Amino acid sequence: MFLKRLEIRGFKSFADKTELEFPQGITAVVGPNGSGKSNISDAVRWVLGEQSAKSLRGQKMEDIIFAGSDSRKPINFAEVTLVLDNEQQALPIDYSEVAVTRKVYRSGESEYLLNNQTCRLKDIHELFMDTGLGKEAYSIIGQGRIEEVLSSKSEERRGIFEEAAGIVKFKSRKREAEKKLEETELNLVRVHDVMMELEDQIEPLKEASEKAEKFLQLRAELKQLDIALHAHQIEVFDQEWKQFTKEKEILEEQLSSISISSQSREAECTQLKWNLSKCEQLLDQYQSTYTDISTQLEKTIGDKKVLIERKQNIDTNIQQFTSESEQLQFSYDIKLQQIQENEAYIAQTKQQYKQKKSELELQLHVLKNQENDVISKDALLEKMKSDIIDNLQKQATNRNESKYAEQANEKIRVKVEQLQQQSRHLKQQIEELNKQQKSFQEQLHNVTASMATAKEQYSKQKSTLETAQAAYQVSLDEYQQNVQLFHRKKDRQKLLNEMENEYAGYFQGTKEILQTKDRDKALQRDIKGAVVDLIKVPQPYETAIETALGNALQHIVVSDEVTAQKCIQLLKSKARGRATFLPLTIIKGTQRTYPECHGLDGFVGYAAELISYDSMFQGIIHNLLGNVMITKDIKAATEIAKKIGFKCRVVTLDGDYINPGGAMTGGAQQKGTSSLMSRKNEITQLQTELSDLKIRLTEAELENNSKKTHIENQQRELATLLNQIDELRHQEIGFHAEAQKLTQEIQHRTENLSICMEENQLHQADVITNENKIAEIDQLLSQLIQEHQTLELDLQQHQKKLMVELSQKETMSTSITELRIDLAKFEEQLNTLQDNHKRNQEELQELFIRKSKIANSHSDLVHQFGTIDTEMDRLDQMTEHLLREKTRLEQMIQDERVGRKRLQDHVNELEATIANLLEQSKAYDKQIHQLDLKANRCDVELNNALRQLEEEYEISYEKAKKDYPLQEELSVMKPKIKGLKDKIHALGEVNTGAIEEYQRVYERYHFLKYQKEDLQEAINKIYDVIQEMNVEMERRFIESFKLIKDNFSDVFQKMFGGGRASLQLSDPSNILNTGIEIFAEPPGKKLQHLSLLSGGERALTAIALLFAILRVSPVPFCILDEVEAALDEANVSRFANYLRKFSEHTQFIVVTHRKGTMEAADILYGVTMEGSGVSKMISVKLEDAVKMNLTGEQVEAS
């Protein structure tokens, strides 16, 4: 993969559309300051997803759009497209070429495109993850990026190492997994809280469900007896009704004879009317058939006309196709003749082309031989020039050696005098150095003592600091725990508020009414709310009051009975359960009928007096709790209940209670997070606790800041002591080094004194040797001068011969060029002929296809012509048949009209006879009516009893008589029915919906239980995935870090010509978060941190780090923006050499001002800015430029 092309339009100073082609190798972008060079690297960073306008040297993203100039209008959008070669599928996308586009408009809208398909920024990031590419990757090193990498914190510096190690995608997936883990844990907490709420509801709902089942059992027993009683009453009424009916039947028999006579005539009359009706129907049928035949006859005649016209059209088309076929055949023959002629001409042209080509190859062979001769003669000429230069160099060398020998003798004489003076001076220096050595030994002893004192003080200060840090950490941990507690309580408050708003835990009917009230403002005035919402109960009395009220907590208080009726009707219409309503206009409080109990042992108070509520609800509260008192425990409740004669309900603080009459209920209650009543108190309590926690957190934060400041002060003091110790250590090392240095100096000067004496003797011998050497050199010089004259003469003769051969070669080159032009003309002519030949063949094929189509169409039309004749014969036969059928139907219609007249006359006679018989039957009807009245009275009573069965029990009489027989005497059944009704009344308010609600809550609780297990399993799996990713990231990071570290050391030594460098982990125990420290030791300096290096050394170190990373993890392309600006010329050359070496595997685009970098480039792009403020591009391929330059030099030489 490599960068093929960059397209810029409207981005910063590139107002016009600009395309930059990038071949493999090194591309240098040059130009004056302010011309827009760096805008190219900014464009690449921007298209790869850079979101910070400041990183692009702007204030806001709109600043990157061309803003116009004095002569150019602003542009409304900026667009950059990056085109990458993906033949090797380095990117995970099924395209051989990948184009990434980013657009931004002045309106603020922006879009990303991948191969012209709209995509997300996330898709771009994921595409380039772990490829070394991206807006923050090490593939783009812009202005200031070098300093940023070197100066940033060690933790922030690890980003480029992560990219090189290929763990960026893992980190992205890990963040997603951690986010999912956090969401899953939050869901687990919510599920747990809802389960605790449901646990608190299950027990009360279970009790209400059991009460409802008891109610249904009593109601079923009452139904058994009541239905049996109603069935017996219905049987009695039925017998009385039958008696009256029997008397009525006797009269009806007498009326029946008259009715029979009347009915026989009516039957006859009816039969005649039916026959008359059939006659009418038959007549209508004949008429309808007659109309259908007439219509069909007209259609047949019309179809025949259409066929005649279609036959004429087909005949015309056949004639046209015949004519067109003849014309096509003529065109086909002409085109075939053209093709044959063209083929002959092509063959002739090819023969001429081969002749010219052979002639060209022959001349090229001759030219090659001439070039070889010129090259060999030119080489011989160069050798002759080289021999002359060697001769001149030898003359100069000998003259210099003679001169140097004379000068050496003079220097030796001076040197002897100097050596004698130097010997005297060395003796004096040795005495002075002995004195200085003694002084340094004393200073070294004093510094060693001071450093021991400073180390002791540092140890004490460090111990104090560690104690303060431990205390600060404890305080910080406590602060974090309080922060977590604050968030847990905040989440708990949010959950409870949501449950309160959703009316969680309320019965279905109650919830529906309260939710309707919230939605309908008109109902809010009349519906006051549930009882639990209208009272405030102190926490110690919650259990007792909740037990005392029971399901009444969810009774709804309304303004009047009309509102209660509306609400009941609403629940019925929606089938949303049942609810109990307490109208303020009806419910009144009850007065206590038992003695005063204040002062009794274990007595807490009267329930209605222990809670607070609005005065308008006093009647409701006293109705519900007026006869309820609260005691400390069940023992006190028993004693007090006995004293008041078990006349009221006594409830303990633990929820045990004694009912009127003495029934006792108690035991262990399941504890949940909150009930309906305690939930409201918990919300208020949480608000108070959150406020207190917030204050405590603020105070703790201030205290921690104070401790932190104190620790920082101690750290600064410790650092000061450490600096003192370092300074004393440096002084100790310095004094020790100076003492050693003095010892070495004394030894060195002693040795020098001995050497001076030896050199004096050697110089005397050198003078004699030099004089002999001068005589030999003079003799050799005369021989070299004579040889030089001979070489000059040979060179002039050889140059003349070479000029003649060069002229012949130029003539041959001109002839070859003319032949190549002729050959190109023949080739172009041949291509044109072949294209025409191909086009004629295609046209011939098209003519053949058209001929075939016309022949097929002609055959189809002939076939259709015959089919039409057959169809016309069929239509003639059908027309004749329809005319015969029409005549027959006209006769049948006339016959039916005569029969209809005869039937009508007979019907009129029968109707007159029937009228006389009806007058006789009226007298009997009057008597029968009297008996009907008596029977109806019995029937009304019977129907009332039946209606009661249907309305109250939804059962028919037959089923009641069958399934509910009378098993006891009426005198026993009626008291028993009354007793059952009293028991049902004694149960009080019963919520039959509690059975369904209990089942619903129970099922939901177990569903949430399974969901909780699933969530816990999901959390464990996510933990495992995160751990696996951590292991893999640590492995990859360590392997990559070791390779980069080794390569960094190697590259650093080569870039600096020596020295050493190292990478170290700031926290090796925490690989995933450790920072990376860089240490460098340029030649001649000690190992030190980057901040102590010079600007050039820092830049060269960063460049060495970049090349080390590229060795380990090569990137497809790398953009370097003036990274070598701080280097000197020698280091720029080293940088350029490394750039050329790495360009074999990585494509480089370098923005530069340096000549050495430009010389290493394959292509130069020049950026200029005209007066309009718009950047323009010009390019030069250096290989072509070098060839042009060499050609020019050869022409000048010739």
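Every residue number used here counts from 1 along the chain in the order it is shown.
Including glycine, each Cβ sits where the backbone N, Cα and C put it.
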Need the matching range: TrEMBL marks coiled coil on one of 49-107, 108-166, 167-225, 226-284, and I'd like to know which. 167-225
Between the ranges 307-338, 339-370, TrEMBL assigns coiled coil to 339-370
Same chain only, please: residues at least 6 beyond the ends of the coiled coil (339-370) with a C-beta under 8 Å from a C-beta of the stretch. Say none if there are none. 805, 808-809, 812-813, 815-816, 819-820, 822-823, 826-827, 829-830, 833-834, 836-837, 840-841, 844
Against the coiled coil (676-731), which of these stretches has the most C-beta pairs under 8 Å: 167-225, 402-471, 774-963? 402-471
Looking only at the coiled coil (676-731), what is the model's average confidence as pLDDT? 82
When each of the binding-site residues Asn33, Ser35, Ser38, Asn39 is scored by other CB atoms within 10 A, the minimum falls on Asn33
Excluding Pro32, Asn33, Gly34, Ser35, Gly36, Lys37, Ser38, Asn39, which residues of the same chain place their Cβ within 8 Å of the centroid of the Cβ atoms of the recorded ATP site? Ser13, Gly31, Val1167, Met1169, Ser1175
Looking only at Cβ atoms, how many others are within 10 Å of the one on Gly36 (ATP binding site)? 24
If you draw a 10 Å sphere around the Cβ of Lys37 (ATP binding site), how many other Cβ atoms fall inside it, taking every protein chain shown into account? 23
Applying a 10 Å Cβ distance cut-off over all chains shown, what neighbour count does Pro32 (ATP binding site) have? 12
In the domain 'SMC hinge' (525-641), how many residues does DSSP put in helix, strand and coil? 57 helix, 22 strand, 38 coil
What count of other C-beta atoms do you get within 10 angstroms of the C-beta of Gly34 (ATP binding site), across all chains shown? 12
